[in-house]
């Protein structure tokens, strides 16, 4: 997104479709002149004005509320005009066209995706983690995710990152001062307790990484794949977890030919449950395609549930399936149809007995799913996080570890010690956008809707 930030931008800020209220938003330098053209009068900043919205010809397009926010006290840090009218698509398009026409000589143009929030970031109204939280709040699919996004938007995550950054900068400042005045012959590592300071930093960073991983799970959810031979109850389990008849269930082996995906929530965590074609040798062309897709889904899985029929002994095909499952992916072997057994099912380590039809064992299955993915319901994770945040935190941890190795030597390697501290600081700064490439900014903001 290389467009100039010195010209006004305009867009419909509400979601597509019909609604009671729709909003057209304009942001840019000195919009008071545009307001006079649109309404024939001055607008008092931060006051609601009930006015007609008219075309250049005087035709009434709509009537509603106009709000004027003067820079820097606005969402973007620039002057902002918001026109709140009725939420019909045709009405909003006409209001937007009128704004573009009235502001043509001022350079008003259509906004690009995420451009309002990008301007808020560039004008220091929010940092990059908070800007991402705007999109996360819009996309939140559960109350827990919405709360986490709001916590990030309010700056809780950024405050934790900034606190660590400040401590690293302080330590680095002391190192640089020692390097600048070598004649003082100060034993830096001892005088400033560099080693215990590094240990405390590393411990606090490890805690932050663990919390960020929880935030990633809460934001992105888990990709859970149901895999196994035909007719072991994969579709029945999907329906039981979803609480609805999502997948077709018949006693005919091979009923499921293509994947069926359903999103459910457990403790606020979104789970994308994928029912797949049964795994077996077959000459059926269509079924073979479905089986090939099953293996692709298995490769993408965060958690694999390998379903088996508790009423049937494991055979060579079961062993072949297990041998081919990726070792890196958490696995739970689920024996279905335990309600048909004469004796209680005796589960071994890594196994669970359930009845998809009767609902037995499903609560335990839900708890196991979250545990396998690393979700800790008792852990403190008040904010959402992204994979890029975790990677940045991990890079910072690696640089602190390297600094610790240098600190285990003596003051002769202080320059290397200082460099690792600088790199750790840069990694943390990339989270909040204090040290971030334009390519990353473009990637982040391009995922926003146009009105944001």
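Every residue, even glycine, has its Cβ placed from backbone N, Cα and C.
As given in Swiss-Prot:
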{"type": "BINDING", "residues": "25, 82, 125, 452", "note": "(6S)-5-formyl-5,6,7,8-tetrahydrofolate binding site"}
{"type": "DOMAIN", "residues": "221-374", "note": "domain 'TrmE-type G'"}
{"type": "BINDING", "residues": "231-236, 250-256, 275-278, 355-357", "note": "GTP binding site"}
{"type": "BINDING", "residues": "231, 250, 252, 255", "note": "K(+) binding site"}
{"type": "BINDING", "residues": "235, 256", "note": "Mg(2+) binding site"}
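Within 10 Å (C-alpha to C-alpha) of residue 125 ((6S)-5-formyl-5,6,7,8-tetrahydrofolate binding site) lies none of the binding-site residues 231, 234, 235, 277, 356.
A distance of 52 Å separates the Cα atom of residue 356 (GTP binding site) from that of residue 82 ((6S)-5-formyl-5,6,7,8-tetrahydrofolate binding site).
Taking the Cα of residue 235 (Mg(2+) binding site) as the reference point, the closest of the binding-site residues 25, 82, 277 is 277. When the Cα atoms are compared, residue 82 ((6S)-5-formyl-5,6,7,8-tetrahydrofolate binding site) and residue 277 (GTP binding site) turn out to be 51 Å apart. Model confidence over the domain 'TrmE-type G' (221-374) stands at 86, taken as the mean pLDDT rounded to a whole number.
Reduced to three states, the DSSP call for residue 235 (Mg(2+) binding site) is helix. There are 20 other CB atoms within 10 A of the CB of residue 231 (GTP binding site), with all protein chains counted.
In the shown protein chains, 31 other C-beta atoms lie within 10 A of the C-beta of residue 234 (GTP binding site).
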